[in-house]
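Asker: Got a structure for you, written out below as structure tokens; questions coming shortly.
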Amino acid sequence: MASLIYRQLLTNSYTVELSDEIQEIGSTKTQDVTVNPGPFAQTNYAPVNWGPGETNDSTTVEPVLDGPYQPTTFNPPVSYWMLLAPTNAGVVVEGTNNTNRWLATILIEPNVQQVERTYTLFGQQVQVTVSNDSQTKWKFVDLSKQTQDGNYSQHGSLLSTPKLYGVMKHGGKIYTYNGETPNATTGYYSTTNFDTVNMTAYCDFYIIPLAQEAKCTEYINNGLPPIQNTRNIVPVSIVSRNIVYTRAQPNQDIVVSKTSLWKEMQYNRDIVIRFKFANSIIKSGGLGYKWSEVSFKPANYQYTYTRDGEEVTAHTTCSVNGINDFNYNGGSLPTDFVISKYEVIKENSFVYIDYWDDSQAFRNMVNVRSLAADLNSVMCTGGDYSFALPVGNYPVMTGGAVSLHSAGVTLSTQFTDFVSLNSLRFRFRLSVEEPPFSILRTRVSGLYGLPAARPNNSQEYYEIAGRFSLISLVPSNDDYQTPIINSVTVRQDLERQLGELRDEFNNLSQQIAMSQLIDLALLPLDMFSMFSGIKSTIDAAKSMATNVMKRFKKSSLANSVSTLTNSLSDAASSISRSASVRSVSSTASAWTEVSNITSDINVTTSSISTQTSTISRRLRLKEMATQTDGMNFDDISAAVLKTKIDKSTQLNTNTLPEIVTEASEKFIPNRAYRVKDDEVLEASTDGKYFAYKVETFEEIPFDVQKFADLVTDSPVISAIIDFKTLKNLNDNYGISRQQALNLLRSDPRVLREFINQDNPIIRNRIESLIMQCRL
């Protein structure tokens, strides 16, 4: 159980974003596809064919929908559809070969009776009679003439719901769409010198290859995909299609597009990834024959290597997912060898390696697209680990091997002891290899996978070579640097302190008798179980208890409003009173009847275990569950106190009372306070004041002078259940005046009744307070 609590406390010290990886695992088959960006823009439209990055061949993969592009005049490539997306009525597009074909398209809104309108076509004002009898659909009309001074005639109208239109140069003709959606078809106009026809688009447009004409027709009839209709899709200049690519180098920084403030930079990098596994081998308390777990842990590794003559400093974090749990039980006797859980990674597991280096590619990694990578495979083999028993031959876990194969790359954040870094997460799928692993001198043999006992074998690190490519949006001025999204300091000293505490506990447990081992097992989180077998520590314990009592006599706890029950002894239920406004800074106890502690200690008690259990009855840390389902409300302050103890390498007579007082004063960071009379006046945490009637919970005008008098003459109460929660409770369930008054003063018995009834309103309020206290 102690190990469970250690793990729960450690869980609160780390934040891991795995949702994207979990959703992707096993959902697609990974294939290596060679990709060279061709002369087109890639603007956040899916699907995208990912590949290993830039390689030295001529293969080109085109997107189905290239764009959107900004309105412009240019010579469209032959055999490519221009998919136009106008937003308003008027001229949509015009084009001419300046010889025998002038062609323009106009858009007419629904429900337009025959009317004469003026349009500007090829720089001239033209009067055109138009109409649209449809009540819901927009109408595209082609206007065509064959001489510069000729009159325009109307052709090939298209009635459209999605308001999209297409035009293409192909085979000596200009193709357009006509008919009515969702059954529109293509038509064409013959022209000479069709390849020299310049087009002027007056709206955003896309470019679709002729090979995808069926998809273009689908868009014309049914509209663009939802992703293209969001504010996140921004049109770019048509010049972004003209990208010059050079042969790959170990370091490449290529300007993809550039505006006055921002530019897109493509970074291509050859990289060397070095990583190692970390593990945690935890020995259970007892005589030394049992291990509670052998597990994987995230491992940080920092190194340098040379890339294109430049020394690069890199940092990797290796973690695993999809772990398989095994166990071995040699028997029920205290001297039987037992491993409660040992972890193994196999073909259903994944390895994540977060990579960061000090190159320019990682300095502005905020907005990234077109991310791809190609990495080699690597084999990881297990070494030998001996389980040191007090007596007898040591069991040895040996062997095991897996190979890692690249399965994708995403953005990530990796945490070091000092800072978090925006990095690339390379995901690897696993396949099992020879040899299998076994535990010598046990019946465990012939199992495949890599166990956590010694995953690095005798190697300092494993190494993978590869290459990645990405396009990042960065400031045009290189002197500006965008901030890293996550820039926080990360502390991992809690784990080290817990490890020291665990070792001390295990060493102690092996020195005392079996009867006291049983007592320790019954009190796994009792702070005195650390030293319950050593008689000399009892005096220190009594001194601590005495100091606790003295310390609390000096604090504001002496004037407690209500008594605490055993079930809520460690929760924030002892509400303090005070005679001044300064008492609003508060007081609620995390302990029960502290003043009675010393009276329960009998100096003449002959048994060490009796003395320890006597103290333990008053100073007991209850188990703190980290999940909200079935959450134990008995101990809000346990985690606070436990952390303080864990961070202390030594406990002296002054440590415990200081911790207790601090926990009692500060374990709820955000509180509301109220003053009680015939009216109830509440001061919220942002300094705003409200007044309510107790019977009806109706808000009444706030009397500042009366509030000042009440603060001076009546008790100020720290609110566990605020008025918003009370009013919600009264509106939905109905509560009596006495229940309201009991809740106003946070009576622990009434709180417990509502909690036992699984009342969601009270439960949610207390859960929110507990969330404020998360470590």
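Every residue gets a Cβ built from N, Cα and C, even glycine.
As listed in Swiss-Prot for this protein:
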type     : residues      : note
REGION   : 65-224        : region 'Spike head'
SITE     : ARG101        : site 'Binding to sialic acid'
SITE     : SER190        : site 'Binding to sialic acid'
DISULFID : CYS203-CYS216 : disulfide bond
REGION   : 248-479       : region 'Spike body and stalk (antigen domain)'
DISULFID : CYS318-CYS380 : disulfide bond
REGION   : 389-409       : region 'Hydrophobic'
COILED   : 484-518       : coiled coil
REGION   : 510-775       : region 'Spike foot'
Asker: Say you check the Cα of CYS380 (disulfide bond) against those of the recorded positions ARG101, SER190, CYS203, CYS216; which is nearest?
Answerer: CYS216
Asker: Quick one: of the recorded positions ARG101, CYS203, CYS216, which has its CA closest to the CA of SER190 (site 'Binding to sialic acid')?
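Answerer: Closest by Cα distance to SER190 (site 'Binding to sialic acid') among the recorded positions ARG101, CYS203, CYS216: ARG101.
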Asker: Six or more residues out from either end of the region 'Hydrophobic' (389-409), which same-chain residues have a Cβ under 8 Å from its Cβ atoms?
Answerer: 24, 30, 287-289, 294, 335, 337, 342, 344-347, 349-351, 371-383, 424-442, 447-451, 453-454, 464, 466, 468, 510
Asker: Measure the Cβ-based neighbour count of SER190 (site 'Binding to sialic acid'), defined as the other Cβ atoms within 10 Å of its Cβ.
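Answerer: Within a 10 Å radius of the Cβ of SER190 (site 'Binding to sialic acid') lie 11 other Cβ atoms.
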Asker: For CYS216 (disulfide bond), name the DSSP secondary structure in the helix/strand/coil scheme.
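Answerer: CYS216 (disulfide bond) sits in a helix per DSSP.
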Asker: Output, ordered by sequence, the same-chain residues six or more apart from CYS216 (disulfide bond) with a CB under 8 Å from its CB, or 'none'.
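Answerer: Within the chain, CYS216 (disulfide bond) has Cβ neighbours under 8 Å at TRP81, LEU83, GLY166, ILE208.
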Asker: In three-state terms from DSSP, label ARG101 (site 'Binding to sialic acid') for me.
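Answerer: Coil, per DSSP.
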Asker: With every protein chain in view, what's the tally of Cβ atoms within 10 Å of the Cβ of CYS318 (disulfide bond), excluding that atom itself?
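Answerer: So the Cβ neighbour count for CYS318 (disulfide bond) comes to 25.
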Asker: Long-range same-chain neighbours of ARG101 (site 'Binding to sialic acid'), Cβ under 8 Å, sequence gap at least 6?
Answerer: SER144, GLN146, ILE174, TYR189, THR191, THR192, VAL197
Asker: Based on DSSP, tally up the residues of the region 'Hydrophobic' (389-409) by helix, strand and coil.
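Answerer: Secondary-structure composition of the region 'Hydrophobic' (389-409): 0 helix, 13 strand, 8 coil.
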Asker: State the count of C-beta atoms found within 10 angstroms of the C-beta of CYS203 (disulfide bond), not counting that atom itself.
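Answerer: For CYS203 (disulfide bond), the count of other Cβ atoms within 10 Å is 20.
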